[in-house]
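Per Swiss-Prot, these features apply:
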ACT_SITE  D25  active site
BINDING   D25, E216  Mg(2+) binding site
BINDING   26-30, R38, H42, 70-72, W74, R76, R197, 203-205  substrate binding site
ACT_SITE  N73  active site, proton acceptor
Amino acid sequence: MFKFRKKSHQEVLDNIPNHIGIIMDGNGRWAKKRLQPRVMGHKAGMDALQKVTIEASQLGVKVLTVYAFSTENWSRPQDEVKFIMNLPVEFFNKYVPELDKNNVRILTIGDNSRLPKETLDALEKAVEQTKHNSGLILNFALNYGGRAEIVSAVQAIAKEVEIGRLRPEAIDEDLIAKHLMTDKLPYLYRDPDLIIRTSGELRLSNFLPWQSAYSEFYFTDVFWPDFDQQGLHQAISDYNKRHRRFGGV
């Protein structure tokens, strides 16, 4: 069992999840509470992500998948969408050197076709710069929708059947998983062990629906910009109290 002792105090965290997914929710409400524009909440959320990523890396987490922008988020006010689309540019310019120094590798899942060129260029540059790192994988779900991901996988499999490359009876869970965007992750860590959602909302919101079949869930009322290293520790501590049966007894 993996144990991590934080130097600053005597807390011991057992059984660190290999893959943690985070639905980073509450940026707008955080800003509203402070009488600030919603976009300031997104900016503060960016700083929170950096802190949590470094902490997760030091704890020994293998993959951190963060829900940065969903396919449904395009319906938000255009000024807000434009600001959010620029956040990856700002985040990577500001934080990639530190992430690289901490051996963090950056990947992404989602439909890149709708991303602005500046956003896509920054993302591709960060992926390229960190591709040789062997530590934590920071996996951005950007313009991602779980149902769309499954539909795309089914369509790809159907085409293989249509041209005679694949027999229908050969379709199984492993084959479907290989056609999902998370197939780029290490095989043992493709599915999240723990999914954290901030802000008090109690739903999955189309985030990794296939991959989360046996995930444990942790919900907190804390808005994402206020979620910090201690919040991550609390989530993992709660995770350690669970007994994962995977359908067994």
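Note that Cβ sites are derived from N, Cα and C of the backbone, with glycine treated the same way.
Closest to D25 (active site) in space, going by CA atoms and restricting to the recorded positions H42, N73, R197, E216, is R197. Fewest other C-beta atoms within 10 angstroms, among the binding-site residues G26, G28, are seen around G28. In this structure, the C-alpha atom of E216 (Mg(2+) binding site) lies 11 angstrom from that of R197 (substrate binding site). The two recorded residues H42 (substrate binding site) and N73 (active site, proton acceptor) have their Cα atoms spaced 13 Å from each other. Taking Cβ-Cβ distances under 8 Å and a sequence gap of 6 or more within the same chain, the neighbours of L204 (substrate binding site) are I23, G146, I195, S212. Recorded residues W30 (substrate binding site) and the residue listed as 'active site, proton acceptor' have their alpha carbons 18 Å apart, per Cα-Cα distance.
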